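Let me begin by presenting the structure, written as structure tokens, before commenting on it.
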Amino acid sequence: MKLHAPSFWWQKASFPALALWPLSFLYGRIAARRMRGSSAYAPAVPVICIGNVTLGGAGKTPTALALAKAALAMGLKPGFLSRGYGGTVRRPTLVDPGHHTAKDVGDEPLLLASVAPTVVASRRRDGARELERQGIDLIIMDDGFQSAQIRIDCAVVVTDSYKGDGNGFVFPAGPLRAPLAIQFQKLDMLLVVGKGDAAIPMVRRGARMGKPVLTAQLHPLPGPNLRGQRVLAYAGIADPEKFYRTLRELGADIVVARGFGDHQPLSAAAIAELIEEAEAKNLSLVTTAKDQARLRGSRRGGAGQDRAQELLAKSTVIEIEMIFDDPAVPARVIDQAQDRFRRSR
């Protein structure tokens, strides 16, 4: 099923949002109580959590990858902790990209595991224990800011500068995962991604509370020249428009754009339609690294696996990385987590 955030989430207060406000009030109370929980498991190593205040994508995974690479450069042994959204694995599992597929562990853990050991678990505290057994000396949580299952030494909250906090309402009336007040109490640093101005109110709120505000940009890695190419762009991510914006910046002519739900496996029919439409209109197929991970997951069983691999072979994959405006930021984040961990012992 295709799931995208409703448009009224990103508009001023509207009738649908106001009609849903009573449900949002209840959801917000529950979410705030959960975030105030005091029974968090305290791992024997520092923990950095990469989260966001809203539902959907903001750049958490690229941020987590950037921090892990910085940790490796510092001589540390980082490991990722994920719930493996979209996968079937529930017990703590060390991700093996050569064995597991997106159907098993989700798409994002496959990307994370290409850089550092990655454990998926339905219960984050169990996953943290598994990472400790693996000899990890720094845990990086991809999401989980609102869960309060694990003691966090440094919480970096990522926000999209083009969307900010939307209409400011908690789900389902808006995109917020919990009331902003409790989220800002718990975060340590606010990371604003991009050059938009929708996050300015959040930046001001953070400044009033003395929260450091970091800035960064998503940049595509070097790849094939797309300038002037007529493309069919397809993406099953939380914010396909972000991907399309990157393609336009690379000079691609997006003739057809096909958006699918975040973490949504492509059906055999959808795969066939993409291939056939691109061939009929003489378009180049272009997709994201997350979609590449899902398509690779079709290599084992399931209808249409041959077409899935055909689609992947015909697609140009655009990989991105998080570039901090201040290159020293990743090391500072890691240092803060280590310092707070030592003080808590």
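Just so you know, glycine gets a Cβ as well, placed from its N, Cα and C.
Sequence annotations record features per position, and here Swiss-Prot assigns ATP binding site to Thr54, Leu55, Gly56, Gly57, Ala58, Gly59, Lys60, Thr61 based on sequence analysis. DSSP assigns Ala58 (ATP binding site) to coil, not to a helix or a strand.
The Cβ of Gly56 (ATP binding site) has 18 other Cβ atoms within 10 Å, all protein chains considered.
Other than the site residues Thr54, Leu55, Gly56, Gly57, Ala58, Gly59, Lys60, Thr61, same-chain residues with C-beta atoms no more than 8 angstroms from the centre of those residues' C-beta atoms, the ATP site, are Asn52, Val158, Asp160, Ala238, Asp239. Around Lys60 (ATP binding site), taking its Cβ as the centre, 25 other Cβ atoms fall within 10 Å, counting all chains. Ranking the binding-site residues Gly57, Gly59 by the number of CB atoms within 10 A of their own CB puts Gly59 at the top. All protein chains included, Thr54 (ATP binding site) registers 25 other Cβ atoms within 10 Å of its own Cβ. Cβ neighbour count for Ala58 (ATP binding site): 27 (other Cβ atoms within 10 Å of its Cβ, all protein chains included).
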